[in-house]
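According to TrEMBL, the protein carries these features:
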{"type": "BINDING", "residues": "17, 19, 21, 30", "note": "Ca(2+) binding site"}
{"type": "BINDING", "residues": "78, 204, 208", "note": "Zn(2+) binding site"}
{"type": "TRANSMEM", "residues": "31-49", "note": "transmembrane segment"}
{"type": "TRANSMEM", "residues": "61-81", "note": "transmembrane segment"}
{"type": "TRANSMEM", "residues": "118-137", "note": "transmembrane segment"}
{"type": "TRANSMEM", "residues": "172-190", "note": "transmembrane segment"}
{"type": "TRANSMEM", "residues": "205-225", "note": "transmembrane segment"}
């Protein structure tokens, strides 16, 4: 949406959201949509520290790092409102889903080298195609399909998990995804009406914050499930009584 200050980055070439542009700084196009990625980075950093400190498999460290990269890409996109930076946000979204797909399905995949090879080539191919063809609605449909492919496995993990605290993480994952989707859709579909309100609820910024927690809850739940598979005696504990993370006890031989 058009705002007041002139843009340092030039004319807008990316998709815009329901927030006035360059209101607080000529360097930041959508202020709230930019700073709302900071919680995502901090939550991913907490998850990364826990994964490294307890020596979880490298896949989880890579997953947390990918969450941070995605949030940084989103910050650059919303700050500059340039098409190249928008692709720098969208392409890591697909890469991240491919990584979730690997973490979810690889434990039961018998030909271990084929899955990471295929997913890597798929990710590279998508990045090249997206850069050349500039997908619009096709990107959104593709991303939703990748998300839907992960749901059956997440549900299987949920029904086979008996720990109440771990199940609560899965429920928080679903709740934040549901609320975040409502915020995203409202911001996208009802922008004209929202623009007439005295106060803009910043639905897309709320989506960022909720997706930061969503990723953290999903990652923590998956870490618990993987620790169960490896017989590491996982427990969901809470820092300061409310912030959940997974604590494991590896056998001495590991």
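A Cβ is built for glycine as well, from the same backbone N, Cα and C atoms used for every other residue.
TrEMBL annotations: computationally assigned, not manually curated.
In this structure the alpha carbons, written CA, of residue 204 (Zn(2+) binding site) and residue 21 (Ca(2+) binding site) are 14 Å apart. A Cβ distance under 8 Å defines the sequence-distant neighbours of the transmembrane segment (31-49), meaning residues of its chain 6+ beyond its ends; these are 17, 19, 23-25, 60-61, 63-65, 67-68, 70-72, 74-75, 78-79, 202, 204-206, 208-209, 211-213, 215-216, 219-220, 245.
Surrounding the centroid of the Cβ atoms of 78, 204, 208, where the record places Zn(2+), the chain contributes additional residues within 8 Å, namely 17, 19, 30, 32, 33, 34, 36, 37, 74, 205, 207.
Proximity of the transmembrane segment (172-190) to the transmembrane segment (118-137) is not established, fewer than 3 Cβ-Cβ distances being under 8 Å for residue pairs spaced 6 or more apart.
Rounded to a whole number, the distance between the Cα atoms of residue 21 (Ca(2+) binding site) and residue 208 (Zn(2+) binding site) is 18 Å. Packing around residue 17 (Ca(2+) binding site) is summarised by its Cβ count: 22 other Cβ atoms lie within 10 angstroms of its Cβ, all protein chains included. Here the binding-site residues are 78, 204, 208, and the one with the most other Cβ atoms within 10 Å of its Cβ is 78.
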